[in-house]
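**Q** Have a look at this one before I ask anything.
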Ligand SMILES: [Zn+2]
């Protein structure tokens, strides 16, 4: 009942207030410097938040920054977040242990895990990648944690040649190439997301008194399969997380806001009626991964527990907010979960290299505010996003949304090595939204009929 009331009021706020705000020129802020009015009384609820952060430690950011598809990104994100002391100090810092092989095998196939964790020397030619590797190794040596016996600088002779067929079988040939220290990265990434789960499991007792939110911006690798890497995802830390959370929470909803369909997570739980997966994504012929049609709704006992919202080119803030408030939230309210996992992929931002969607950081923040206002314990993870400096802004801003603080972002702190000096440095977003009102109405009609709203 309470959630329905929240939804009614939210819808009113969204339908009447937000569209007006979104019409305003992006660079003009009549209300506050974020372009949105101060949180509504509803959004700025009395429910206090307890927010943890993982992935920030130098060891994690340097290692995660080695992932070839997101070179340097983790350093950019966490350097920006840490440069705002007033924000970073409010977060509970989690200490991370590497996940064990046994923990990885809770979801992944053992043969695949053994292959991923095999110690190997890998020859790298790309100069930016080499630079990142040297930087990590230098730091690791200075902290006395460098694994000398497995990495040698003066050789090329003891490089292990992996069998091409095996590389192909495990998805490590094309967009997930092997890279030095990959084994350490994988264990740390999984450990980091699992520690975030344990924070929620420990603090979930009364989310209405203190809503626990655990953040790991390095996580959110939604394309990883049981025995195959895919789409820049070497393992699927989300599926591992959901299995861990199930030890405490009986029903979990997973919401995937990445530009791409959350196929790996959906496949993992397509037979379950305890895990509902909801994915909004760009869907078109030839667009990766190609799955996620509206008729794909789960299998067997899990029928109706996979929800796919395929969207077209140019998705605007307004359309995303309509999808969140008019489709996703009513669906979640019908499911009545006791925990929420959000994959916050940022490749739908207007500034992303994909140039497919037209989302702004502020609009994304509004979508997250809506989801957090349901007061579930929430695991917030990263995802895609290929413009490092914009991803740093997005995740720093979303951290303030999680903390429920109205932080005045203006000029970036001096010590940040960003190409720009303003936090809000995007003023033009020119893209036609092919997701017109009729299209969103139709999606709402189909999914509404399925869930009875
Ligand atoms: Zn993506």
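Using N, Cα and C of the backbone, Cβ positions are placed for all residues, glycine too.
The feature domain 'Histone deacetylase' is assigned by TrEMBL to 68-400. The annotation substrate binding site is assigned in TrEMBL to 175, 231, 386. According to TrEMBL, the feature active site, proton acceptor maps to 223. Here TrEMBL flags 258, 260, 347 as divalent metal cation binding site.
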**Q** Would you mind pulling the longest C-alpha to C-alpha span across 175, 231, 386, which the record has binding substrate, in angstrom?
**A** 14
**Q** What binding-site residues among 175, 231, 258, 260, 347, 386 are found with a C-alpha within 10 angstroms of that of the residue listed as 'active site, proton acceptor'?
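**A** Hits: 231, 260.
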**Q** Based on Cα distances to residue 386 (substrate binding site), point out the closest of the binding-site residues 258, 260, 347.
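**A** Closest candidate to residue 386 (substrate binding site), judged by Cα separation, is 347.
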**Q** When you measure from each Cβ to the nearest atom of ligand 1, which of the recorded positions 223, 231, 260, 347, 386 fall under 6 angstroms?
**A** 260, 347
**Q** For residue 175 (substrate binding site) and residue 260 (divalent metal cation binding site), determine the Cα separation and express it in whole Å.
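**A** Answer for this pair: 15 Å between alpha carbons.
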**Q** So for residue 347 (divalent metal cation binding site), how many other CB atoms are inside 10 Å of its CB?
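**A** Taking all protein chains shown, residue 347 (divalent metal cation binding site) has 22 Cβ neighbours within 10 Å.
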**Q** Measuring CA to CA, name the entry from the binding-site residues 258, 260, 347 that ends up nearest residue 231 (substrate binding site).
**A** 260
**Q** By a simple count of other Cβ atoms within 10 Å, which of 175, 258, the binding-site residues in the record, is least packed?
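**A** Per-residue Cβ counts within 10 Å for the binding-site residues 175, 258 bottom out at 175.
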**Q** Are there any residues in the same chain, six or more apart in sequence, whose C-beta is under 8 angstroms from the C-beta of residue 260 (divalent metal cation binding site), and if so which?
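**A** Residues satisfying the criterion: 222, 223, 231, 281, 282, 288, 289, 345, 347, 384.
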**Q** In this structure, which of the recorded positions 223, 386 has the fewest other Cβ atoms within 10 Å of its Cβ?
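**A** Minimum Cβ neighbour count within 10 Å, taken over the recorded positions 223, 386, occurs at 386.
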